[in-house]
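Engineer: Here it is, the structure in full.
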Amino acid sequence: MKLLVAFALIASLGALAQAEEEYCHNSVVTACSSSTFSGNSICNARFAGIEHIEPEVQAYINSQLTKSYEYLLLATHFNSYQKNRPGFQKLYQGLSDRSFEDSIALIKQITKRGGIVDFNSRHESAASVSTQRPTLEVDELHSLALALDNEKQLATGATHIHTRAIHATERDPEMAHYIEEEYLGKQAESVRKLSGYANDLAKLMKVPDPSLSIYLFDEYLQKQ
């Protein structure tokens, strides 16, 4: 008799557990039946203030890709047989690769948070808009000045996202921490390095024939 009661109790508990599982499953199916990327669905990775900073992040991705392409053109320019500046080519190839890798990392970050990177529509912020497109066939000193301007624009863009993430109506501390850890310090170092290069080369070129100074500076860049 006791054995029959025990079996009946186990059976009832199993049926109850199965019913609860079906209820959870049905609830999830109902909750996720709408568009995953709509604000009404709970089946997405969006939380905190991602809604407020997503346009700025996408604008920054566009800016990083644009700078990567510009640095690649500079690297190609100084790698030609006419210019033959392997040190400058190495510098700008490195900056191009870094900007491309940074854009890929930010794409992964924004999609991890439930966002979508749409390359068919252009997102721009005040920090990423350039009023004019400078020529990339420049001499060594002017190329450093151009690169310095680019790095300051990227630093300003990262700072803008960080500020929005902290001071928006709905804050996003996770994104602010990510930008601070991955971009702000790196961009500050890049601005410092390029500003030093530009000032050093400007001083070296204050001679009647700066060709030897430029050659030695290019040799220096190769060793960095």
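FYI, residue positions are counted from 1 along the chain as it appears here.
Backbone N, Cα and C atoms are what each Cβ position is placed from, and that goes for glycine too.
According to TrEMBL, the signal peptide annotation covers 1-19. The feature domain 'Ferritin-like diiron' is assigned by TrEMBL to 47-205. Here TrEMBL flags Glu151, Gln187 as Fe cation binding site.
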Engineer: Of all the binding-site residues given, Glu151, Gln187, which has the fewest Cβ neighbours within 10 Å once its own Cβ is left out?
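Structural biologist: Counting other Cβ atoms within 10 Å of each of the binding-site residues Glu151, Gln187, the minimum falls on Gln187.
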Engineer: Give me the mean pLDDT over the domain 'Ferritin-like diiron' (47-205), rounded to a whole number.
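Structural biologist: Here the predicted model's pLDDT, averaged over the domain 'Ferritin-like diiron' (47-205), is 87.
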